[in-house]
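Some notes on the structure that comes next.
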Amino acid sequence: MMTTEHFAALSFVARMGTRKKVHAFVRVKPTDNFPHEMIRYGDDNKSIDILLKKDTRRGVVNNQQTDWSFKLDGVLHDASQDLVYETVAKDVVSQALDGYNGTIMCYGQTGAGKTYTMTGATENYKHRGILPRALQQVFRMIEERTTHAITVRVSYLEIYNESLFDLLSTLPYVGPSATPMTIVENPQGVFIKGLSVHLTSQEEDAFSLLFEGETNRVIASHTMNKNSSRSHCIFTIYVESHSRTLSDEKYITSKINLVDLAGSERLGKTGSEGRVLKEATYINKSLSFLEQAIIALGDQKRDHIPFRQCKLTHALKDSLGGNCNMVLVTNIYGEAAQLEETLSSLRFASRMKLVTTEPAINEKYDAERMVKNLEKELALLKQELAIHDSLANRTLVNYDPMDEVQIAEINSQVRRYLEGTLDEIDIINLRQIQEVFNQFRVVLSQQEQEIESALRRKYTLIDKNDFAAISAVQKAGLADVNGHLVGEPDGQGFGLGVIPFSFKPGKKIKSKKTFKDQLSIPVRKEGASSPLSTKELDISPSKTQLILPPRDGDVKDMRDRETSSTEPFPSDSPKEELRPPRPSTPPSKPVAFEDFKNERGSEINRIFKENKSILNERRKRASETTQRINAIKQEIDTTKEALNVQKALREKQGEYENKGLMIIDEEEFLLILKLKDLKKQYRAEYQDLRDLRAEIQYCQHLVDQCRHRLLTEFDIWYNESFFIPEDLQVALKSGCSIRPGMVPINRVVSLHNYLKAITGLQQVNKK
Ligand code: ADP
Ligand code: MG
């Protein structure tokens, strides 16, 4: 359905983007001796021709142009003020009430009738000009538009010698105000800071302000010794229109600038001096800047318009070109003597005609109305919801923002839900759903904090990014290069943890010192009197990554996997028997590792070896199966080929058919059977291969895990055996369960046992 609102919006869009030429008119001042041979109008009253006789130009015969033709929007000859208004201003004013800015300018030499056109003969009502008529039209239209509340404001600005004067400043007129006015630009447009703008609720008020302004203009011309035809005057009517329909949040604003320009005649050429020269300079400048701006506006390729070169163009920045309706009235004398100035004025007019504008409605939004409307809408929707709920038998639903009690209840629901004591959280409304999610986040972050502080209470947590702390711990041998906790299964856990070296009461150790502290206890060495420095005790994890001479498969495998960050051990390491008693210098790691494998690490090493051999066996089987698969595949291909040959032969000899059944010979039949059998074999072998691959992957994982454990435990054993004080060692020997980071050997997964269990299961499944 199309409402009037839609219609307005559409027409707004349609009007936007339509370019419009500036309307340029010529008004000829009546005279008794009109030079018909020099000034001629076109039949349509839209063109004016100027014809100059060569001999009139002081007898100079040259090739200069002597005839000019100007095409304009209308020539107003002997036109009444009434007709001028109808032709020139009526549409501009009427569109201003629809939100379009409008500018009407009078241009021409002094005495040509600019002020007469713009203001009129104030003493004669019939001869009133555009200004009072425009005010009249505005108020008449307001009266007719009962659907809108429209306010009118006016201001009257004079620009004289590049100074700004407020012609409507407080009476009696005392000249320029203390604080000089300035031209200010903001996104809404250009305005004159300090210029008084007067609200006028009725026609009479507006008229009296206009008269005031005119009077001030005259007074100023006397008291300040300024010539009124030497200044530019801009009378502005500001319109703001709000719909009386309160739901309409949009409102429109517009302004009509009525500009009476200073005389355009070239001054100063006859040797004027002093004040007149100064005036002339300013006028010449401002009018030529106006012309420059207009030329730039007429040039579609120009993107910079020099508006700020003088006060006149700056003040009119948003009223020249742009989005407004623009009209120029060029006032000329209908006299032979003024023909030169007339020509120059007509040239200006024809330049103005090249300018295009893009009139657009100045639409704004009334924030207060918007809020009110939204509040209304909200209340309505709440009512609607209430009705909806009562129809759906949902009575106690509240849609208001939640209070603390309600939020606490949701928090408790979420907690119970997470604990499992609450099966589901009922959905009530959107707000509640959002709050549930919110409380999930709250509970989650609380739990995170709780876990962290629990860990802190129990362990020393070190920030993973705190490299100094990590390296200190690494020095102490508590973490490996990746920051994994030594002895922690697979290095998984909460960041970098250091298990405290605290013993249960009743155990032999009384010291409450941490493991790190204990490590730094001076180590008493036989025959050595000075304690070991941390440097000498270098058991940093990087060195615990082993590289062993390639003695057997295990070791080779290890080297392949662990070389990257390690330095080779010195090859001349001593091979003496190491323990007991503890040697004065620890044995080299490769040597110690051999010992470890025979001693404490024998069980894990056995499992490691066993796992590896299973892995190797599976690999071998996989490779054999692959070979078999390939062989079968080849045979399938050959059989297929043979079958094709048979088939071709059969087709060539002519086919036999019996009751729809194909009759084939025995050879072909046997080939088909063979092919079927091969396919079956292939499928079975392929299935085996897949199973084997899965097993290999798992075995590989266990082998890696065993290797890791073997190395980890070796490190611990190495430290314990050669660096921990002997009194501590006693305690360590008393039970493997308290060994720092040591995982009991029985918890290491044996692949052998695992596979035995699996095979058992498979056999059960097969049965
Ligand atoms: P401008 O403002 O261009 O200097 P004015 O408007 O002051 O010129 O006109 C000068 C004189 O000519 C005034 O006395 C004015 O009344 C008279 N005049 C100008 N145009 C007309 C016209 N179209 N009809 C009658 N008188 C006019
Ligand atoms: Mg004038």
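All residue numbers here begin at 1 and follow the chain in the order shown.
The backbone N, Cα and C atoms fix where each Cβ goes, glycine too.
Pulled from TrEMBL:
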- 21-355: domain 'Kinesin motor' (DOMAIN)
- Gly108, Gln109, Thr110, Gly111, Ala112, Gly113, Lys114, Thr115: ATP binding site (BINDING)
- 364-391: coiled coil (COILED)
- 525-596: region 'Disordered' (REGION)
- 551-564: compositional bias 'Basic and acidic residues' (COMPBIAS)
- 615-642: coiled coil (COILED)
Inquiry  = Taking every protein chain in this structure into account, which of the binding-site residues Gln109, Thr110 has the most other Cβ atoms within 10 Å of its Cβ?
reply    = Gln109
Remark   = Same-chain, non-site residues whose Cβ lies within 8 A of the Gly108, Gln109, Thr110, Gly111, Ala112, Gly113, Lys114, Thr115 Cβ center for ATP are Lys29, Cys106, Tyr116, Ser229, Gly263, Asn331
Inquiry  = List, in residue order, those binding-site residues out of Gly108, Gly111, Ala112, Gly113, Lys114, Thr115 with a Cβ under 6 Å from any atom belonging to ligand 2.
reply    = Lys114, Thr115
Key: Stretch-averaged pLDDT - the coiled coil (615-642)   = 90
Request  = Run through the Cβ atoms and count how many others sit within 10 Å of the one on Gly113 (ATP binding site).
outcome  = 20
Inquiry  = According to DSSP, does Gly111 (ATP binding site) sit in a helix, a strand, or coil?
reply    = coil
Inquiry  = Neighbour count first, Cβ atoms within 10 Å, every protein chain included; then name which of Gly108, Gly111 tops the list of binding-site residues.
reply    = Gly108
Ask   = Are there residues of the same chain, six or more positions away from Ala112 (ATP binding site), whose CB falls under 8 angstroms from its CB, and which are they?
value = Lys29, Gly263, Asn331, Ile332, Tyr333, Gln338, Ser345
Neighbour count (Cβ, 10 Å) for Lys114 (ATP binding site) = 28
